[in-house]
Amino acid sequence: MQSSITFYFEFFCLLLLLPTLALGECTCDAGGGEGTNKSEALKYKAVAIASILFAGAVGVCLPILGKRIPVLSPERSVFFIIKAFAAGVILSTAFVHVLPDAFDSLTSPCLAENPWGQFPFTGFVAMMSAIGTLMVGCVASSYFTRLHLNKAQPEQSGDEEKAAGEAHVHTHATHGHSHGIVDSSAGSAPSQLIRHRVITQVLELGIVVHSVIIGVSLGASASPKTIKPLVAALSFHQFFEGIGLGGCITQAKFKTRTIVTMGLFFCLTTPVGIAVGLGISNVYNESSPNALIVEGIFNAASAGILIYMALVDLLAADFMHPRVQSNGAIQLGVNVSLLLGVGCMSLLAKWA
């Protein structure tokens, strides 16, 4: 897990360096400086940092504290309903918020017609990002499953030899059925846990990418009209995105140190992005060609990751869960909850 923490830190630092690509570059004016008021905008940015930080912390901590709050435990039926709402928020974030921003950036008139106007880069990057997420998930799950089985094999063979004589005495009574059952459950539980851990880490990467870009854009803006609606919208978004991520972290059963690290990265990403945007607001222009290309490509990649994770790893896995499939009330609940999550987050697109 130490390598995972180091990777998150290095990746986070790399993302924060991206705005420097647009410094000192010729810009393309897309609308001038109408409605700018730096002193008033600064107040809203301070409120945004506090509000988004609080909302993210509460959201990601609720499922993690489920062990002490019975109703939020992953074993409870209501957890599926809450998680479906959060997955709907993530899905809507990708389709309604992040992907259109990527299209706007990569089809901007500020970019050269060749090659940006001659090929649909946004859809291509999102598609390759989703495929890459699938491949990374499969390879990582396969690798860690084999690693776990190789470590467990010597212990298992020792236990089998120790119990061989006793098993022989009870052969006629058991007909060997108990051995098959034990092996099956022993193999499936670690595999499921590994799958949850891979899903959680890939999901957090997708969230972190677009959160940094959103934070830097908000921090660099000097328009109170732009920032004001974003404060409420991003706080809402951060809260329910946190619930979705926190649910995955809970199911992955990480060690306390890793849980704290992942929670902190999620909570701090957007506020730190705002702080960075605030620091470079005098020299950063989001309409410069380099800024548009970087933001567009990373937003498209983030959208691809979030779409795949929401549909395949969050919604499909929970909707096909035996408890949901065998209970009509839960099935209705998760479907309604999903539509509510998608609808609420989509409605925020009117202001953000």
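Counting starts with 1 at the first residue shown.
Any Cβ shown, glycine's included, is placed from N, Cα and C.
Taken verbatim from TrEMBL:
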SIGNAL    1-24  signal peptide
TRANSMEM  48-66  transmembrane segment
TRANSMEM  78-99  transmembrane segment
TRANSMEM  119-144  transmembrane segment
TRANSMEM  202-223  transmembrane segment
TRANSMEM  262-284  transmembrane segment
TRANSMEM  296-317  transmembrane segment
TRANSMEM  329-349  transmembrane segment
Against the transmembrane segment (296-317), which of these stretches has the most C-beta pairs under 8 Å: 48-66, 119-144, 262-284?
119-144
Leading stretch by Cβ pairs under 8 Å, where the reference is the transmembrane segment (48-66) and the options are 78-99, 119-144, 202-223, 262-284, 329-349:
262-284
Answer with yes or no whether the transmembrane segment (119-144) touches the transmembrane segment (329-349) by the criterion of at least three Cβ pairs under 8 A, sequence separation 6 or more.
no
List, by number or range, the same-chain residues at least 6 past the transmembrane segment (202-223) whose CB is under 8 A from its CB atoms?
8, 11-12, 15-16, 18-19, 33-38, 41, 45, 48, 90, 93, 98, 133, 136-137, 230, 234, 241, 244-245, 248, 262, 265-266, 269-281, 284-286, 295, 298-299, 301-303, 305-306, 309, 313-314
